[in-house]
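Residues or ranges marked as active site, proton donor/acceptor by TrEMBL: His487. For Cys508, the entry in TrEMBL reads active site, nucleophile. Per TrEMBL, compositional bias 'Basic and acidic residues' is recorded for 1-17. Under the heading compositional bias 'Low complexity', TrEMBL lists 42-55, 554-623. Annotation source TrEMBL lists compositional bias 'Gly residues' at 649-661. The feature domain 'L,D-TPase catalytic' is assigned by TrEMBL to 413-532. The annotation region 'Disordered' is assigned in TrEMBL to 1-73, 539-677. The transmembrane segment annotation in TrEMBL covers 78-101.
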Amino acid sequence: MSEDQKKLQDSGPEHEKRPVRRSRSREAAAAARRAEKERAASEPAAGAPGAAAGEQGKGDSGFPQKPAGGSREKSRTAWLPALAGFVGVLLCVGIAFYVYAAQAYKTVFFPNTVINGADVSDRTVDEVKAAFSAGADRYRLTVVARDGSGEEITGQDIGLHTVFDGGLEKILEAQNPYRWVFHLRTPRVYQIGTMLKWDEEALAREVNGLECMDESAMVRPRDAYLSDYIEGRGYEVVPEEEGTALKADAVQTAASAAVRSLDPEISLEELGCYEKPSVRSDDPGLAAERDARNRYVNVTVTYTFGDRTEVLNGSRTHEWLTGAGTDIALDETQIAEYVSELAKTYNTAYKPRAFKTSYGPTVNVSGSYGWRINQKEEAAQLKGILEAGESVTREPIYSQTAAAHGDADYGNTYAEVNLTAQHLLFYKDGNKILESDFVSGNVSKGHTTPAGLYSLTYKQRDAVLKGEGYASPVKYWMPFNGGIGFHDASWRSSFGGSIYKTGGSHGCVNMPYAAAKELYENVYAGMPVICYNLPGTESKAPTKASGRPPAGGQAAQPTKPATQPTQPNVPATQPGGQAAQPTQPNVQPTQPGGQETQPTQPNAQPAQPGGQETQPTQPGGQPTQPPQPEPTQAAGGPEITPVENGTTAAGGGDSGGGYGPAFGSAQSTEGGGPGVS
């Protein structure tokens, strides 16, 4: 036998066993698939959802099959029967409790039931009766007053007792026990007027006998009101006072209500038994009037008069208020009176001054020069300031001013005219720059030049002074008292001495030409002119001098300047060395007959230094003076006619231009000058 045949023979049995091995392999594979399905069913999250779904969708044959989900749906609804049973039990219990409570409320009062102020919830009629009876037996009412003090009224004092006439039973019978649940939150309040009885008259006596009801000790309430003016604070609202006055009817009513409810305590304050103020501190009307008044009285007006001041504030202005509420106004009459008081105190015009002369002695002078408050305009201005409600510091409105405030209001630039000595001295900024003899008004004819303190009205070049029976041309005209003024006198050849007594002027101050020119060049409108008489300074003989212009037109030289005598309380000059210049009144007083000049002047120019028609700036910074209105012509007075250009004054000549004797040797070494007495 060949090898191949042997192999074939040897392999025969193996070929016979192969089918058995293949059958076991299929069974193993099927078992593996079943195990995999069971594992996938028990652990769904362990594998991919898609794969698990795919495996579940196949049977042993490998074909898709219907998912087996019945057991899961059953688990989801298994609790419903249990819930239904639980709800049923609860419902049964609730119904049972509701019915039980309804049966109970057939004999007890509903929740939140109040009878005569007492809570009787869940109590029987007998329990309520017992409670009211016990309360009536031991009842005490405490009456608390506003001050916290308390007084008692006992039930025995008023005969308090209970009377049960079926009222409690009626309330209980009216209850529908099956509606008890609706009363859990809604209270029911009942008042049985016949359950408690007491003696009303006894209660009234007890109430009236309380200390708080003693009318003699009661304090009536007081309304809030606006205070009078309080220094430094103005007006304030004074709060109301409650007082202690009780309303008897209200107290009786409150006590009866408390007894009926067996309340142990009442507060007369809380029950509104006290009389009340009708106006309280928060009243808008009071606040409005307070503010309206304080708007005026809180204003302070400080008036300045040099180094003196006058302070006007609510201490005075509260007296000027009229009206009520918000309709508050100022009494204009009282404002005018106040301004008049200021004028009386601080006006210096026409008040006498004690003037210390350059000769040494002191004389009294008065006149139109000085401060004058314009009372009408100032009163209107003051009213406006108070109405504006703003405090200010200011000077009053003046109709006329002076060089300075204080006693020596004329400052240190003025013309000093000694009518007794017939001698003039002119001081400028405290220095004497001119002095000269002159001739004043004729005493024998009643033309005496009046003494006084005046201001220069204006100055004018080339005027003709006309009067009754005369016409006098002058080069320099400087009026200071109506129609009286300084001027050159070409018709005279001597000045000073006693000429004025019988051969004087019509009232003017006649001066030598050179002196008049010098004076003209330095004076200004409003400058003080001080004229006085001083016995003992008479000049024995006149001085030879000419009233005509000097030959060649050159004026004689002035006397050597000298220092002005020190005046008491002379104020310092203004910046630039010039004292403040006054504003003069529009009308000068009319002088007695015999004036040499007409007050109203044609072509009159304001007084300018140096004789210029337009005033230049003064040396040393003197302020420019405004033109002053000329005074009104006095009846029968003289007339001034300006001299035409190129015309020679009558009687004019070119004789000497002397001033007269220098005053240096006669001047006192003592301080002198003007002052206010």
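Backbone N, Cα and C define each Cβ position, glycine as well.
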* Indicate whether His487 (active site, proton donor/acceptor) is helix, strand or coil by DSSP. => strand
* Structure fact -> In DSSP terms, the domain 'L,D-TPase catalytic' (413-532) comprises 13 helix, 60 strand, 47 coil
* Structure fact -> Within 10 A of the CB of the residue listed as 'active site, proton donor/acceptor', the number of other CB atoms across every chain shown is 29
* Asked: What's the CA to CA span in angstrom from Cys508 (active site, nucleophile) over to His487 (active site, proton donor/acceptor)?
  -> 8
* Structure fact -> For Cys508 (active site, nucleophile), the number of neighbouring Cβ atoms whose distance to its own Cβ is within 10 Å equals 32
* Kindly state the mean pLDDT of the domain 'L,D-TPase catalytic' (413-532) in the predicted structure. => 95
